[in-house]
Amino acid sequence: MHIIMDVFNWLIAAGPTVLLPVIITIIGLIFGLKITRSFKSGLTLGIGFAGIKLILDFMTTNVGPAAKAMVDRTGVHLTALDVGWGSIAAVTWASPIIAILIFGILLVNIILLILKKTHTLDVDIWNYHHMAIVGVMVYFVTKNIWLGIGSSILMALITFKLADWSQPIVESFFGIPGVSLPTVSALSSLVIAWPLNWLLDRIPFMRNNKFSIKDAQKYLGFFGDSMIMGLIIGMVIGWLAGYDLMKVMQLGVSMSAVLVLIPKMTSLFMEGLMPISDAAQKWSEKRFKGRKLFIGLDAAVVVGNQDVITTALIIIPLTIAMALILPGNSVLPFADLAVVPFRVALVVALTNGNLIKNIIIGLVVTASLLWCGTATAPVLTAIAKSVGIKLGANSLYISSFAATSMIQSFIVYFAFTWHPLISIPVLIIAFAGIWYFFDGIKHVNKNMEMQDAVTD
Amino acid sequence: MPARILVACGNGIATSTVVASKIRSFMEDKGLPVDTTQTKLMEVPGKVEGFDLLVTTGEFDGKTHGVPYVKGMPILTGIGADNTFNEIYKIIKEKEG
């Protein structure tokens, strides 16, 4: 045991670029991949992490001083730079406890499926990072591994149930049957959208209006283009920082480069994890053969919808404006403006494309992202530093629209770190009540329940 | 020069990586290697021109500027994937003459 701990500590000291290949190779072997295949997967993730680290260093050395100058000059107090979900995912995968969390989440899915308590088969290992980061953060704060694992397990439970409950609106609005979306980055908005939509429906005008905006894409399309977005935001920050024209333009191109390069690095993580996801899929197909299940897919499959894009293109500029005026906010929106479509996709499905409701609910979701992001930026920053990401000499924090900026993850994180003995039971009871409402009273997945009953 | 396929999904990372790499290995097995480029759905209208084929993992009804378009969702779910692969193969085969 002593030797294992020594090896483990040595790996942690070596940093994520060494730890990741080793851990992922082991995970791959457990999933039955050949050693060469799983080692290449692991190495790919290590490379992805090295890439993310490079870009983050580049981003913070460029925008850090500018953001600081902007704060000093204008009094705009935005000190937590949104480095994007990809960077956060990289930090998550680099955690020493990631392997335990991944198997914990997978086990929750399998057990729920066997007990017929969920209909969603989620073997998209990649997207587990949304559930894992909460465990990583709880473990980092409490130093208690069980609280860490527990929080990720609860995240998983909530995620699979939200995926079940939202499946009918996904099917009816986007027209994709048999698919659910256990992607936290999209589901989390429903925590706000369900009650708020119900409330708005009490107002006849809200319920019945049929506003639509034509040509939103024509006039606002550049808000969806990372290259141009990065350039504009970089130049505005430079200008607010009081830079001269040359430095303004340099910062613009640098920030544009960041927004284009981060996804390229992040896709290495996806590529490395693909063989493992494939193996998990094959295994589960065999295990649950003949049973009809919702196939859990990444929410990426629905964000191309025109109503989603229109809503996102309106929300993106409003998000920047809100960051400036929202009291108590210190998140500087940047890299994750690119994934606003994910945050609004299920809102749009829920309201059946009601644009006015989409914008209202979308803005409340945005405010929650900014506030929760502000509240948890210091912890996230400390974790990033602990895995070797340098953030320059500036007292700059990092944040994003992912991790505990999302309301679902924030609530779970808060429950496990505030007064765990009180807040965890309260959260579990509240969730059980919601579970009873959806499955016991409303029977939202009626067809699946009937099928399960027949095969019993 | 190998045919160029633009593969798009919500963020240009997750599902498009899966679909792009499956298309690449399928086409390679068929002896018709292709190049794939990944992008976000929102950037498709500005990027798609000049590609031989567009594949998206989800719903897409923006402009394709005359580039042929195949829905890639079956490759993700595995249901009907063979048809989708064959469709892609046919389009690329015709291009190459």
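Quick reminder: no glycine exception, Cβ is built from N, Cα and C everywhere.
Note that TrEMBL annotation is computational and uncurated.
Among the features that TrEMBL reports, domain 'PTS EIIC type-2' is placed at A:8-440.
Using a Cβ-Cβ cut-off under 8 Å and counting only residues 6 or more beyond its ends in the same chain, the transmembrane segment (A:12-31) has close neighbours at 37-39, 41-43, 45-46, 49-50, 53, 90, 93-94, 96, 98-99, 102, 272-273, 275-276, 279-280, 283, 387-388. Per TrEMBL, transmembrane segment is recorded for A:12-31 (among others).
As annotated by TrEMBL, transmembrane segment applies to A:43-63 (among others).
Same-chain residues lying 6 or more positions outside the transmembrane segment (A:83-115) and placing a CB less than 8 Å from one of its CB atoms are 8, 11-12, 16, 19-20, 23, 26-27, 45, 48-49, 52-53, 55-56, 59, 121-123, 125, 128-129, 131-133, 135-136, 139, 145, 148-149, 152-153, 155-157, 160, 185, 262-263, 265-266, 269, 280, 284, 287-288, 293, 334-336, 338-339, 380, 383-384, 387, 389, 398-403. Residues or ranges marked as transmembrane segment in TrEMBL: A:83-115 (among others).
Per TrEMBL, transmembrane segment is recorded for A:136-160 (among others). Listed by sequence, the residues of this chain that lie at least six past the ends of the transmembrane segment (A:136-160) yet keep a Cβ under 8 A from its Cβ atoms are 91-92, 95, 97-98, 100-101, 104-105, 108-109, 112, 118, 120, 122, 130, 182, 184, 187, 296, 376, 379-380, 382-383, 386, 403-404, 408-409, 412-413, 415-417, 420, 424, 427-428, 431.
Residues or ranges marked as transmembrane segment in TrEMBL: A:180-200 (among others). Long-range contacts of the transmembrane segment (A:180-200) within its own chain (CB-CB distance under 8 A, at least 6 residues past either end) are made by residues 85, 119-120, 122, 124, 127, 130-131, 155, 159-160, 162-164, 166-167, 170, 206-207, 294-302, 339, 342-347, 350-351, 357, 360-361, 364-365, 368, 401-402, 406-409, 411.
Residues annotated as transmembrane segment in TrEMBL: A:220-241 (among others). The list of residues near the transmembrane segment (A:220-241) in space but at least 6 beyond its ends in sequence, with Cβ under 8 angstroms from a Cβ of it, reads 63, 65-67, 69-70, 73-74, 76, 247-260, 263, 309, 312-314, 316-317, 320, 334, 337-338, 341.
Positions annotated as transmembrane segment by TrEMBL: A:253-273 (among others). Nonlocal intrachain contacts for the transmembrane segment (A:253-273), taken as residues 6+ away from its ends with a CB within less than 8 angstroms of a stretch CB, comprise 24, 40-45, 47-49, 51-52, 54-55, 58-59, 62-63, 84, 86-87, 89-90, 93, 125-126, 226-231, 233-234, 237, 334-335, 338.
What TrEMBL lists as transmembrane segment is A:293-326 (among others).
Panel annotation: around the transmembrane segment (A:359-384), residues 56, 80, 82, 87-88, 91, 95, 136-137, 140-141, 189, 192-193, 196-197, 200, 311, 314-315, 318-319, 322-323, 326, 328-331, 333, 343-344, 347, 351, 391, 397-401, 403-407, 410, 413 of the same chain, lying at least six beyond its termini, place a Cβ under 8 Å from a Cβ of the stretch. Taken from TrEMBL, the feature transmembrane segment covers A:359-384 (among others).
For A:422-438 (among others), the entry in TrEMBL reads transmembrane segment.
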* To do: State the non-local partners of the transmembrane segment (A:43-63) in its own chain: residues 6+ outside its ends, Cβ under 8 Å from one of its Cβ atoms.
  => 16-18, 20-21, 24, 81, 83, 86-87, 90, 93-94, 234, 237, 251, 254-255, 257-258, 261-262, 264-269, 271-273, 334, 384, 388-392, 394, 396, 398
* To do: Mind checking which residues of the chain, 6+ beyond the ends of the transmembrane segment (A:422-438), have their Cβ under 8 Å from one of its Cβ atoms?
  => 150, 154, 157-158, 161, 164-165, 411-412, 414-416, 444
